[in-house]
Amino acid sequence: MKRIKRYAVIGIIIAIAALGILQLVNNKKRLDNELQAMQQYSMVIPVEVVVPKKQSISQRITENGVLTSGAEVTILSETSGKVLSVNGNTGDKVYAGQILITVEKELAESQFQLAKTNLEHAEKDLARYDNLAGGEAVTQQQLEAIKLKYRDAQAQFTASKKQLENTTIRSPVSGIITSRSVEKGSFLLPSAPVFTIVEQDRMVFTVNMAEEDILALETEQKAEIFIDAFPENSFTAHIRGISTVPDLSGRYKVEMKLNNPGGMLRAGMNGRTVFTNETGNDGLVIPRKCIVGSVRDGKVFTVSGDTVISGQVKARTLNETEVLVTEGVTETDRIVLSGQINLEDGSKIRILNP
């Protein structure tokens, strides 16, 4: 009887142990399943997405720059002789047509008067020979000789008149004298520089722009200029030239011409220019932060089921927060907006803003 009881106790103990082992095995399987589920969940990357918006494109480009003078004109003498008067010093403002220098003109004036007299005589001779030729009183050869003499007299008269005019040197433009190279009483020779004048009626605003920005510009395009010294004023300008060769930093020089009302603008003043381009076309616009890398050579992640696919895009900047995509996305694509840092081709995702 005692032996039976002992076997029963041992059987109960073995049964309890077996049940404990079975429970441990089941618990391990459950934990393994939970761990696997957690690992799978952690491999799914949460992202936010956005759909490209189609809109009419109006591009606004702003760039800082500096004013320079419209033109620097060096005035050269076209005559020779003693300088009688000099009107203007460095820094003086002059006007187009203003007399700057007078040179002795007695010889030039006498040559002009002689040429004028010769031309008058030649005109009379030509008229007389024309009348005689009508009655065949002179030969054709004689008439041609008189015509040649008349043309020579005309040329002499024109040259002497020009030489007389050259004894008075005038400013060809309105502007500021930046250098003076002649004094009263000196002897002037042809081609000698006498004044340098910087044109002030017209100015040039120069900026250096990125390649993607100059592609939207063209010569004579309108721009608005804002000068730091005159914050309440804006000045209308037009592009006069766009460089075809970049500088060492990869930027292109763009020059704009503008008027200088009242001479208020000065070379060296800083400011900014604003271009507004109404393209008249619709385009696909996405936030700048969708693009991984640079705007010119970047990529985006596009949703495909529960994964993503990366693809190259071509784009250009519209403003500080948006870009215009010209190649690489469609209207129906869902583009990853945030979470790209953990993504690669084929990554599983969970969209936070479905």
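Any Cβ shown, glycine's included, is placed from N, Cα and C.
Copied over from TrEMBL:
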type     : residues : note
COILED   : 105-132  : coiled coil
DOMAIN   : 73-198   : domain 'CzcB-like barrel-sandwich hybrid'
DOMAIN   : 207-277  : domain 'CusB-like beta-barrel'
TRANSMEM : 7-25     : transmembrane segment
Which residue counts does DSSP yield for the domain 'CzcB-like barrel-sandwich hybrid' (73-198) in the helix, strand and coil classes, in that order?
55 helix, 34 strand, 37 coil
Pull the DSSP breakdown for the domain 'CusB-like beta-barrel' (207-277) and write it out as helix, strand, coil residue counts.
7 helix, 33 strand, 31 coil
